[in-house]
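Copied over from TrEMBL, here are the features:
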- Cys63: active site, nucleophile (ACT_SITE)
- Trp96, Arg130, Val131, Thr132, Val133, Glu148, Ser149: glutathione binding site (BINDING)
- 172-296: domain 'GST C-terminal' (DOMAIN)
- Tyr195: active site, proton donor/acceptor (ACT_SITE)
- Tyr253: site 'Lowers pKa of active site Cys' (SITE)
- Tyr296: site 'Lowers pKa of active site Cys' (SITE)
Amino acid sequence: MGQLIDGVWHDKWYDTAANGGHFKRSESKFRHWITPEGDAGPEGNSGFRAERDRYHLYVSLACPWAHRTLLMRKLKGLENIVPVSVVHPLMLEHGWTFEDDFPGTTGDSLYQNEFLYQLYLHADKSYSGRVTVPVLWDKQQNTIVSNESADIMRMFNSAFDAVGARAGDYYPAELREQIDEINHWVYDCVNNGVYKSGFATSQEAYDEAVSVLFNALDRLEKILGQQRYLTGDRLTEADLRLWTTLVRFDPVYVTHFKCDKHRIGDSLNLHGFLREIYQIPGIAETVNLEHIRHHYYRSHKTINPSGVISLGPAFNWNEPHGRDRL
Ligand SMILES: N[C@@H](CCC(=O)N[C@@H](CS)C(=O)NCC(=O)O)C(=O)O
């Protein structure tokens, strides 16, 4: 685990000491947009027109942020339009690697790099910053379009509609305000909240993060007791963003990140919601619990120095979800 500084890799864990024991996630640096005609998006440069087999997605199957993009890729039927490479689940002194000796990894099919940071250097040889997944790569300009999962989801949702994507809009105009509002607090309290709890290095930072997290989960449990999805009766991006955290919660976050006030399996509505989305055709294929469990328990040496993977609870996400009652 480390980062690039002026194009040079430095192996260093997150600096929580500088923030009173609090984990602070840094901002993504590549923020261009693929658009139907290649004009500039909300930020970044123009020149990234939606085309078949021009772009390539790099993911970890362990990572909840990368998982969001895989969900959207699946729902929009982009598998043949945007191919994918999968890194090795362990993220150690070289960061993410393309070792391919773990089932489900692919290596770097474009450039045969050994490490993901080499791809970042290919885009910008003096890059400074974290080397994160997901990465959306442009084979034409040889650069990173975006390393921000929230933006990649939006591009997948609509940019490729004229070049063969499946119909479906998970960010419909009439719900955008509501989706943005939900995303805002779900990101801060839940998606990032589990990391803030798990990576805290002071009692006060942990207490604060974990209490915010479980208050938000209680709020979500109530909302999902009254309606099928977070904005009402339609599945949207907001649901998908919450879901990738819920999938990892009982198998990993409860134990590894000390998010143990209660389990998702004990929450009637959140658990039903988790199972319903899991059962959407194609979605289960995006879930790889081996990558998830090996990544977290074996990569985070500061919080689990032995690398021992906990047993985890038994569960069956194929059981009837009962959400059709709403
Ligand atoms: N804002 C980014 C965050 C992505 C992110 O933090 N990914 C993690 C994996 S779960 C990562 O690659 N971390 C490596 C690092 O921080 O050095 C996004 O949502 O795309």
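Using the three backbone atoms N, Cα and C, a Cβ is placed for every residue, glycine included.
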Quiz prompt | Arg130 (glutathione binding site): tally of other CB atoms within 10 A of its CB | solution = 18
Self-check item: Glu148 (glutathione binding site) as reference: those recorded positions from Cys63, Tyr195, Tyr253, Tyr296 with C-alpha within 10 Å of it
Solution: none
Quiz prompt | DSSP state at the residue listed as 'active site, proton donor/acceptor', helix/strand/coil | solution = helix
Quiz prompt | Residues in the domain 'GST C-terminal' (172-296) grouped by DSSP into helix, strand and remaining coil | solution = 94 helix, 2 strand, 29 coil
Quiz prompt | Nearest of the recorded positions (Cys63, Tyr195, Tyr253) to Ser149 (glutathione binding site) - Cα to Cα | solution = Cys63
Quiz item: Which recorded positions from the set Ser149, Tyr195, Tyr253, Tyr296 come near ligand 1, judged by a Cβ under 6 Å from any of its atoms?
Solution: Ser149
Quiz item: If you draw a 10 Å sphere around the Cβ of Val133 (glutathione binding site), how many other Cβ atoms fall inside it, taking every protein chain shown into account?
Solution: 24
Practice problem: Can you figure out which of Cys63, Tyr195, Tyr253, Tyr296 (the recorded positions) comes closest in space to Thr132 (glutathione binding site), comparing Cα atoms? | Solution: Cys63
Practice problem: Express the distance between the Cα positions of Tyr195 (active site, proton donor/acceptor) and Tyr253 (site 'Lowers pKa of active site Cys') as a whole number of Å. | Solution: 9
Quiz item: If we check Cα distances from Tyr296 (site 'Lowers pKa of active site Cys'), which of the recorded positions Cys63, Trp96, Arg130, Val131, Val133 wins as closest?
Solution: Cys63
Quiz item: Listed recorded positions are Trp96, Arg130, Val131, Val133, Tyr253; which of them have CA atoms within 10 A of the CA of Cys63 (active site, nucleophile)?
Solution: Val133
Practice problem: Sort out for me which one of Thr132, Ser149 has the most neighbouring CB atoms within 10 A, since those are the binding-site residues we care about. | Solution: Ser149
Quiz prompt | Rounded inter-Cα distance in Å - Tyr253 (site 'Lowers pKa of active site Cys'), Val133 (glutathione binding site) | solution = 19
Quiz item: If you measure every Cα to Cα distance among Trp96, Arg130, Val131, Thr132, Val133, Glu148, Ser149, the residues said to bind glutathione, what is the biggest one in Å?
Solution: 17
Quiz prompt | Across the domain 'GST C-terminal' (172-296), average pLDDT on the 0 to 100 scale | solution = 98
